[in-house]
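First up is the structure itself, then whatever we jot down about it.
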Amino acid sequence: MYDVRARKNLFLVYTVFLGLTLSLWVLAKPSINSILNFPLISVTQILGLTAATLVSLNLLLASRLKIFENLFGGLDKVYKQHQFTGKTAFALMLAHPTFLLLSSSDLWRAVELYVLDLSTPAYNYGKLALFGFTTLITLTIFVRLPYHIWRITHQLMIIPLIFLTLHVATIPSDVAVFLPLRVWILGLLLVGIGSYIYKVILYKHIGPKLDYKVNQVNLRGQITEVLLEPQGSALSHEPGQFVFVIFGNHEIGDEEHPFSISSAPGEKLIRLSIKKSGDFTSTLPKLKAQDKVKLYGPYGAFGRIALVSKKEVVMIAGGIGITPFLSIVNYIKNKNINLKYKLIYSYKNETDSSYKEELMEIAGDKLVTHNSDRSGHLTAKSIADKVGGLTNKTILLCGPKGMMSALTSQFLEMGVKRRNIIFEDFDLKG
């Protein structure tokens, strides 16, 4: 199964990066006793080197390189690992000076670990890195920031990253005396800085970009449907993928946002179906025909997972989570693909069922609709009843986080294997 391979690749990537760091650290020691005789110092060093390794890997994960998307099974999975890796690296950064403090018998010396001292620039670099990461990551995790402010906090991460690199490069440690470890760690940090420069500065110019213009804007209740036509080369995408979009309309701004493609591959126009869910998406009805648009991508492996499945596929959409499935089922019909599937389309009420008629025409009796105002929340049991059981079936989920989390727990309780439950998680804040 595609998801199983992605998990194995994920384990392999972390094993290689962390395994090399720890192996080179051990080789830097004159003997095993130099590790065993000073356990707190050893733990401190391991924490610092591991944190530096994960920070570098995290910046690579945020770069949107296709190699990581292919390894991890989609960009949404890559960004989930980016979030996890960032939090783990931050925890290790906090623990690094804590163990230094525990290893010191001099209280004032311990306090100095958190105070800038002009006579020790190498240590000051580390302190500034810790203060910078702490401030920015705290804002990112614990404060609900507007998207444009959130982006700025991520762009400012380069400042503590540079201090971290200077700290590692100048501190009198194993990195200073053992060349292979020095090359590896500083090389990783420089690659991380390079990844930042690519993502923040160069990506908009040399990334996978195509020029489009708005052909038509349709309003479907709370959904703004935008039809785009190419200005030159057309986007080549798989069913169920998404793109990052920048609209060239001064009333909307030039923020980059990800949206699923709801049209099938091969169609002349790209269709985006965007629900009003915040300040930015509420401005999209102001789009006009001929407005310029830049598309970056495509990304995602959601449709690929469905199409390569040898099992019956149960697609479950909640609200605007229907968008990737619109692309998938249109593609299945257009190409006359022999895939056994059921599509569960859950919506709040009839005014929220913008694509019900289109799906009835495309999917026919493969479509099962669920009005939650009338029938209550969708449950795993009701899904199993509608599709003839869930044994030996691949389940694809896209919708609100609460719905996906609740259904996943219920599926697992019913005995569905975790590897048979696939998400499209659109929280792409990386």
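The backbone N, Cα and C atoms fix where each Cβ goes, and this holds for glycine too.
As recorded in TrEMBL:
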- 193-305: domain 'FAD-binding FR-type' (DOMAIN)
- 9-28: transmembrane segment (TRANSMEM)
- 40-63: transmembrane segment (TRANSMEM)
- 84-102: transmembrane segment (TRANSMEM)
- 122-145: transmembrane segment (TRANSMEM)
- 157-178: transmembrane segment (TRANSMEM)
- 184-203: transmembrane segment (TRANSMEM)
- 313-332: transmembrane segment (TRANSMEM)
Which value does the mean pLDDT take for the domain 'FAD-binding FR-type' (193-305) in this predicted structure?
94
For the transmembrane segment (40-63), could you work out the same-chain residues 6 or more beyond its ends whose Cβ comes under 8 Å from its Cβ atoms?
13-14, 17-18, 21-22, 25, 78-79, 81-82, 85-86, 88-90, 92-93, 95-96, 99-100, 102-103, 161, 164, 168, 173-175, 185, 188-189, 191-193, 195-196, 198-199, 203, 430
Under 8 Å, at least three CB pairs between the transmembrane segment (9-28) and the transmembrane segment (122-145) (pairs 6 or more apart)?
no
I'd like the per-state residue tally for the domain 'FAD-binding FR-type' (193-305) from DSSP, helix first, then strand, then coil.
25 helix, 46 strand, 42 coil
